[in-house]
Each structure stands twice: as C-alpha cells, then as structure tokens.
Amino acid sequence: MRGRQRVASRDYIIGHGKEENSASVRLPNAKPWRRSLRHVVVASLSSFLYGYHIGVVNETLESISEDLDFSGNTMAEGLVVSTCLGGAFVGSLFSGWIADGVGRKRSFQLCALPMIIGAGMSATANSLWGMLLGRLFVGTGMGLGPPVAALYVAEVSPPAVRGTFGALTQIATCLGLMGSFFIGIPAKEIVGWWRICFWVSIIPAGVLAICMEISAESPHWLFKRGRTIEAEAEFEKLLGGVNVKSAMADLSKSDRGDESSSVKLSELLCGCHARVMFIGSVLFALQQLSGINAVFYFSSTVFESFGVPSDLANTSVGVCNLLGSIVAMILMDKLGRKVLLMGSFFGMAVAMGLQVLAASSFAAGSGAMYLSVGGMLLFVLSFALGAGPVPCLVMSEMLPGKIRAKAMAICLAAHWVINFFVGLLFLRLLEQIGAQLLYSIFGSFCLIAVAFVKKYILETKGKSLQEIEIALLAQEAS
C-alpha cells in the first residue's frame, strides 16, 4: 500500500534512538537471520521444484513411453527430457524483466503457476504432444525460479549469513532431485504411477504460491521504486526493528533514482556494465563446460557399464551432491566464495583426471571401475562444494542493483544454452572422440575456471551489497 503511513513498533522506535556508532554491531547481536530464515526457506521451494522436475523423468521415462505409445523412439524420449530446458531458457531470459516489473514475491507466484499447470497437463497427458506441452509449461517456471531466488536471497539476507542462506537453495535443489528419484522408484512396478509423480509436485508449488503471499518483499526492490516506508516495514519484518535504521542507511548509499526499467539491453552487453556481464556469463558457461550436467544426465549409464545398478548409482550421486551442499553451507561464510569456487573447480579437474586414467590402458577391470566410479562421485562432491551453489550467489552479490535482475536473467540464459548443448552432444562426442579426450576437455575447462575465478571474482563474504558495488567501481577505475 504505497504511501500509507506505518505505526512504528517499539523496537523500531528504540532502534532510531540508538547511537549511530552501534549500527555495525546490531546485526550480529540481534541475530536477524532468525527472522529472515523463514522467508528464505519459502523462496527455496522454487529451487526444490527445479530439482524435482529435472529428475522426475529419470525413473519414470520408461513407463511414460510405454503408456503414451512412443517406447523405443529415442528422439521422443529425448524431447520429454529436454523440452523443459527450452522452456527454462525462455523463463530465465524474461525473469529479470518480470522480477523488476512485479517484484520478487509476485515473480515466485508466477513461477509456481506454470509449474502447477504444466504438472497437471503432464499427469493427465494421453499423448506425446500433451506431455511435451506440459513439460514446456513446467520449464518456464523452472527457468524463472532460480534467478529470482538468487536475487531474493541476496537482498533479504543479513551480510553475515548471506552465503549460508544462498547454499540453502542448492540444498533444496538436491532434495528435489532425491525426492523425485525416491517417488519414482515404484513407477516400473505400478501401472500409471508416473502420473502420481507429476501430481505430487503440485503440492510444493501451491505452498510456494500461498506462503509467498505472507512473506516479505525485497526492500531493495521497494526502495528502487521509491516506496521507502514499505521498504522500512519489510526490513523490520526481516531483521527486527532495532536494525531498520542501519539497514536503510546502508541501502541509501545506492541511488534510488536508478530505476531498472531505464536499463537498455545495449548497456548490459556493450556499455558500462559489459565487464561484470562478461564475468557472470563466462562463470556460468564454465560451470556447464566442466561437464557437470553430462555427469548428472548420464551417470547411471556409466555405472551400469560396470555392472552397478542404476538405483544405487542415482542414490550415490544424490548423497554426494547433498553432502557437498551441506558442507558448502557451513563453509560459505567462513572461507568465502572465492576460495570455495577455486577449490571446487580444482577438485573437479582432479576427478576428471581420474576418469581419464580409468579410460586409459593403464587401468583395467576392477581398477578401471573404482577409478571411474570414484572419479564421478568426487566430481559431484567437488561441484556441490562450490561450483554448484556459488555462481548464482556471487553474481547476485556482484551485479549492481540497477541491473541485477536483468543481468542475472541474461547470464543464466547463457547457462541454459550451454547446458542444452552439453546434454545434447555428450554421448555423440563420447562415441566420436573417446572418453579420454572428452574428459580431458572437461578437466581443462575446470582448470581454466580456477584461473578465471582467481583473476575476476571479487570476494563478497560479509559485505553489504552496497559495499560490494563500491568495491567493484573502485576496481574498474584502477
């Protein structure tokens, strides 16, 4: 309710009466993360849904193809898997304009809507085309959710725990993947169970849409829109009244006149923001060129080639992914983003080295199996420690407030394009150039990523978004 005067709470009045020099210690002492945590958890449901819909067809694809009469048609099966990626590209590309236009809260609700509609269409599909249309709808929600979640977490989290909260979205994605796997296990034995798997996803999507109605809006977005009183009210909801004054003072360091709607695409790609856009796009590209989604999509194929059952393979990969994400959450605000990123990419390079050894003439039989399976699990674990959760978080921190939403949309669109081509070409390249050369290429990209992070990524641990923006401006000026 714009312009409406708010009756200040007792905490807020007390906070304004405190001495200015106490502002720097309010956040740690008042533990505002307890207030903001519940809002971040609600936002993380979008990441849970992203993980769920990525994995929901893994165990159910065979049953779907038999029921919808396209069994044995690999092109059709591939379309069921990849159609959502096309939708995700579209959703991601427009996510910045949507987030800036209607706000972060409404964007989450718009993310949930196509997921509910698409899941219902998929669950009731009687033909391949019905399934593909449902997957396309779901994909648009998948593409919209992650960039908005990254923005929201960065803008509502206290600086001291922003990294920890950012890792929660990665954990939610892992839980979504594992949840889809376990729910899909009975699909091969129970006729029509795959429909239940799609229906189930409507529950968290509905919870996201409803709970966002009572969650806080981003004070940063409200402030940029000139709605200062509402921004103060949201800060009180997120941080407690004693912290409102210091938070608003920090936010006032940025220019409220920087309306994101005035940012043109040419400014992002060729203007004064081109450098940070370059950093974000290359970081997301290197994340995908490391080969991570080839591992996620085809790990069961590699395991089965050594006689390891697919359910055990998927469980092992899921556990490593979840374990690494939990460790990342613990270390994010202690070691910092840059250290985790560099260590993660280096660990992935080592894991690819093990894969190269497994495919060489030096390893055979059980030795090759242990090297390949161990290398794959180490790769997933290393990815979850940094290369998985950090890029979205660190770019949402590094991008200036004026362009944050739209720039994240473009950077993540680059992610989806490369994700698509890696998934599309992996098996063909494996046949054409062999495992040794292909894994060597992936490992090389991981090492390039280490050097890139060392040179271009700014450490953002414990800094406010305004402090990070000032540091980047100083870095560009030097």
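Every residue gets a Cβ built from N, Cα and C, even glycine.
According to TrEMBL, the protein carries these features:
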type: DOMAIN; residues: 39-461; note: domain 'Major facilitator superfamily (MFS) profile'
type: TRANSMEM; residues: 36-55; note: transmembrane segment
type: TRANSMEM; residues: 75-98; note: transmembrane segment
type: TRANSMEM; residues: 110-129; note: transmembrane segment
type: TRANSMEM; residues: 135-153; note: transmembrane segment
type: TRANSMEM; residues: 165-187; note: transmembrane segment
type: TRANSMEM; residues: 193-215; note: transmembrane segment
type: TRANSMEM; residues: 276-300; note: transmembrane segment
type: TRANSMEM; residues: 312-332; note: transmembrane segment
type: TRANSMEM; residues: 339-363; note: transmembrane segment
type: TRANSMEM; residues: 369-395; note: transmembrane segment
type: TRANSMEM; residues: 407-427; note: transmembrane segment
type: TRANSMEM; residues: 433-453; note: transmembrane segment
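Taking Cβ pairs closer than 8 Å, the transmembrane segment (407-427) reaches residues 82, 85-86, 88-89, 92-97, 99, 143, 146-147, 150-151, 268-269, 273, 276-277, 280-281, 283-285, 287-289, 291, 293-294, 297-298, 392, 395-396, 399, 438 in its own chain, all 6 or more past its ends.
Here the transmembrane segment (193-215) lies next to the transmembrane segment (165-187) in space: the count of CB pairs under 8 Å, restricted to residues six or more apart, reaches at least 3.
Below 8 A, the CB atoms of the transmembrane segment (135-153) and the transmembrane segment (75-98) form 3+ pairs separated by six or more positions in the chain.
Counting Cβ pairs under 8 Å that are 6 or more residues apart, the transmembrane segment (312-332) and the transmembrane segment (369-395) reach 3 or more and are in contact. Non-local neighbours of the transmembrane segment (110-129) in the same chain are 46, 49, 53, 68-70, 76, 79-80, 87, 91, 98, 102, 135-142, 144-145, 148, 195-196, 198-199, 201-202, 205-206, 208-209, 212; each lies 6+ residues outside the stretch with a CB under 8 Å from one of its CB atoms. Stretch with the most C-beta contacts under 8 angstroms to the transmembrane segment (339-363), considering only 75-98, 165-187, 276-300, 433-453: 433-453. Using a Cβ-Cβ cut-off under 8 Å and counting only residues 6 or more beyond its ends in the same chain, the transmembrane segment (36-55) has close neighbours at 84, 108, 111-112, 115, 119, 138-139, 141-142, 145-146, 148-149, 152-153, 156-158, 165, 168-181, 184, 201, 204-205, 207-208, 211-212, 215-216, 238-239, 296. Comparing 75-98, 165-187, 369-395, 433-453 for CB pairs under 8 angstroms to the transmembrane segment (276-300), the maximum falls on 369-395. Among residues of the same chain six or more beyond the transmembrane segment (75-98), those with a C-beta under 8 A of the stretch's C-beta atoms are 53-54, 57, 61, 64-65, 107, 110-111, 114, 128, 131-132, 135-148, 297, 405-410, 412-413, 415-417, 419-420, 423-424. Per-residue confidence over the domain 'Major facilitator superfamily (MFS) profile' (39-461) averages out at a pLDDT of 85. Panel annotation: around the transmembrane segment (433-453), residues 282-283, 286-287, 289-291, 294, 338, 341-342, 345-346, 348-349, 352-353, 355-356, 358-360, 387, 426 of the same chain, lying at least six beyond its termini, place a Cβ under 8 Å from a Cβ of the stretch.
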